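Going by Swiss-Prot, these are the annotated features:
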type	residues	note
TRANSMEM	23-43	transmembrane segment
TRANSMEM	45-65	transmembrane segment
TRANSMEM	93-113	transmembrane segment
TRANSMEM	117-137	transmembrane segment
TRANSMEM	145-165	transmembrane segment
TRANSMEM	171-191	transmembrane segment
TRANSMEM	216-236	transmembrane segment
TRANSMEM	241-261	transmembrane segment
TRANSMEM	277-297	transmembrane segment
Amino acid sequence: MATLLSAQRAGWRDYLELTKPKVVVLMLITSLVGMFLATRAGVPWSVLLFGNLGIALCAGGAAAVNHVLDRRIDALMARTHKRPLAEGRVAPLPALLFALALALLGMALLLMFTNALTAWLTLASLLGYAVLYTGFLKRATPQNIVIGGLAGAAPPLLGWVAVSGHVSAEPLLLVLIIFAWTPPHFWALAIHRKEEYAKADIPMLPVTHGERYTKLHILLYTLILLAVTLLPYAIHMSGPLYLVCALALGLRFLQWAWVLYRGSRPHAAIGTFKYSIGYLFALFIALLVDHYLLLNL
């Protein structure tokens with residue numbers, strides 16, 4: 001009866017929240033960039049529209065599964081305690097059915113309007129995030145973000161393959177950029193929310209190894225990220241405009257990581273986290289602008 005009443009109280013905004021729309025939007029930006037970088041011609045409108053819609057639906061389905069599996073953890077954390085399942089506005093079964101419907105519709109669109117490889121890579125990414133990361137790694141190891149980050153790094157590869165139909169070095173390099181970006185991004189948030197993660201018994205790196213150790217690894221990963229972001233220029237995938245942007249954005253990220261490591265600002269952790277979001281958006285936009293600038297030279 002409680003489950004039924006919960007489902008009756010749920011509105012469309014609750015189900016939209018299950019999909020983590022802000023996260024999906026950032027994923028779609030990287031997917032779009034992957035599509036446009038894959039071709040010197042225009043991207044077919046059907047691939048552009050339905051390919052990204054399919055990727056978004058699958059990502060939303062994975063996010064909904066994350067809400068279901070993390071509902072007890074979410075209820076213990078200030079950042080997440082008002083999520084639909086944590087507050088009981090949506091019951092687990094309707095949320096799972098919603099996730100399944102999104103995933104099936106997304107897969108159908110990808111199979112119809114892109115290609116089978118894109119669909120299966122998207123499915124692998126969905127399962128990697130929803131099952132491997134959320135269901136196991138998140139609760140099992142402080143390296144959860146490092147290992148599980150591969151699933152979240154897939155969108156530019158999915159966009160590229162949706163257009164080209166095959167995997168090549170360039171989209172894998174885009175995946176590598178997001179893969180290297182993920183640890184400093186999430187560990188900065190984990191430092192800011194350390195007590196909440198400890199209360200929820202989630203073995204995030206600041207909880208298991210302390211803040212100083214985590215800050216050092218944020219700094220090291222930011223250095224790795226800076227080096228990785230220079231590779232598109234090194235392999236002639238991008239030009240001088242991207243190089244300048246990558247250096248400027250990366251050095252600013254490194255400055256944030258250094259300030260965090262030195263402990264000279266009280267809110268450096270959340271500042272680093274927020275900067276990392278804008279950083280990734282700006283970096284991929286720079287890749288896109290540089291791509292079309294090179295085509296017109």
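Here the Cβ of each residue, glycine as well, is placed from N, Cα and C on the backbone.
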Intrachain residues whose Cβ lies under 8 Å of the transmembrane segment (241-261), provided they are six or more past its termini: 184, 188, 191, 215-216, 218-219, 222-223, 225-226, 229-230, 232-233, 268-269, 271-272, 275-276, 279, 282-283, 286-287, 289-290, 293
Cβ contacts under 8 Å made by the transmembrane segment (23-43) with residues that lie 6+ beyond its boundaries: 51-52, 55-56, 59-60, 63, 152, 155-164, 170-171, 174, 178, 237, 277, 280-281, 284-285, 287-288, 291-292, 295
